[in-house]
Amino acid sequence: MEGGNSPNLQLQQLPLATAAVSVQPHTDSFSYKENLIGALLAIFGHLVISIALNLQKYSHIRLAGSKDPRAYFKTKTWWCGLFLLVLGELGVFSSYAFAPLSLIVPLSAVSVIASAIIGIIFIKEKWKPKDFLRRYVLSFVGCGLAIVGTYLLITFGPNSHEKMTGENITRHLVSWPFLLYMLVEIIIFCLLLYFYKERNANYIVVILLLVALLGSMTAVTVKAVAGMIVVSIQGNLQLDYPIFYIMLVCMIATAIFQATFLAQASQLYDSSQIASTSYILSTTVAITAGATFYLDFTGEDVLHICMFALGCLIAFLGVFLITRNRKKPVPFEPYISMDAMPGMQNMHDKGIAVQPDLKASFSYGALENNDNMPEIYTPATLPIVQEQHGSKGVSAPPYRVLEHSKKE
């Protein structure tokens, strides 16, 4: 009985299985199409943002090198850069409504690639081919690695999609994985803020970790706000939900505090170090937040997750190589060093340095604390002895200060 009924059962269950399989490719193609739209919008936005920032920088440099008395905001170049900046930010903002958060965040490497290419194209110095390749070989390798990493991110990115309605966002907000993640993030943020403010731990990792933690919340709220706006445009109004305005306020607040800490980091460290470190930390924390809040990697197989992680690592390495190759600014010394003058030798008489070397940590003419300097660099004190009449046995000082009376 069982052997005779089993073929019939298999034949009866086969149409159901084939029907379930036939629906899956359609949803996959639709979700991949949304992923592609979101990725293209993000790439376009980051490219336009990079061009806009370089235009505004060019406007400042041109005014600084000319006798034009106008302010920078009165030039057409600066306003063109501002317009492109707003357009690029709108492109990145809208991309969050189509693709998963974990896919959009790593694509900010495109702005680093574009900045490196723009810097090479618009360089004013003339290089020989060998010198040019030697100078920018790391930039070329970094751009290639970043492009490969971006391709892997788009190809093997997460494929989870759901409508950003008020009910879905509220359900994600009160889920226990996200509440646990928020508890851990708040504890880490408070500890980092304590060490940064109270213990003066002005390390670049500490400051940029604060930026990354705030940026992860900014990315979560941006996706929620952008998704609810797109759903409202499609006909299902979501702007009457209180969660929309809660997410909007959190987005603005975290973006402001994030910009504040980033400005403080820019005053202490070089922009190339900030760019690479901030990209790596912010991307890692934001992907973790997206995987916890929106469950981006639910249903993904191990191969796609590993290839996506490999794409992130390759993009990290590419951005690191691009920013490492940037030329560090040389501080200007507003004084003339005697040993730097042509034809002048360093004055070392009997081991006593009258003029310190240029390579030494002591800078002649600069206002620096020299308490910890070795004795060889401390200035000599010449004794001033007044002439004493009638003391013939006293030896003569190195030089004398003669006091002339009014009678003379």
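Residue 1 is the first one shown; counting continues down the chain.
Including glycine, each Cβ sits where the backbone N, Cα and C put it.
In TrEMBL, annotation is done automatically, which means it is predicted and not curated.
So that you can see what the record holds, here are the features copied from TrEMBL:
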- 389-408: region 'Disordered' (REGION)
- 36-56: transmembrane segment (TRANSMEM)
- 77-97: transmembrane segment (TRANSMEM)
- 103-123: transmembrane segment (TRANSMEM)
- 135-154: transmembrane segment (TRANSMEM)
- 174-196: transmembrane segment (TRANSMEM)
- 203-231: transmembrane segment (TRANSMEM)
- 243-262: transmembrane segment (TRANSMEM)
- 274-295: transmembrane segment (TRANSMEM)
- 301-322: transmembrane segment (TRANSMEM)
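At the 8 Å Cβ threshold, with sequence separation of at least 6, the transmembrane segment (174-196) comes into contact with the transmembrane segment (274-295) through 3 or more pairs. Between the transmembrane segment (135-154) and the transmembrane segment (301-322) there are at least 3 Cβ pairs closer than 8 Å, counting only pairs 6 or more residues apart in sequence, which means the two stretches are in contact. Highlighted: of the candidate stretches 36-56, 77-97, 203-231, 274-295, 301-322, 36-56 has the greatest count of Cβ pairs under 8 Å to the transmembrane segment (103-123).
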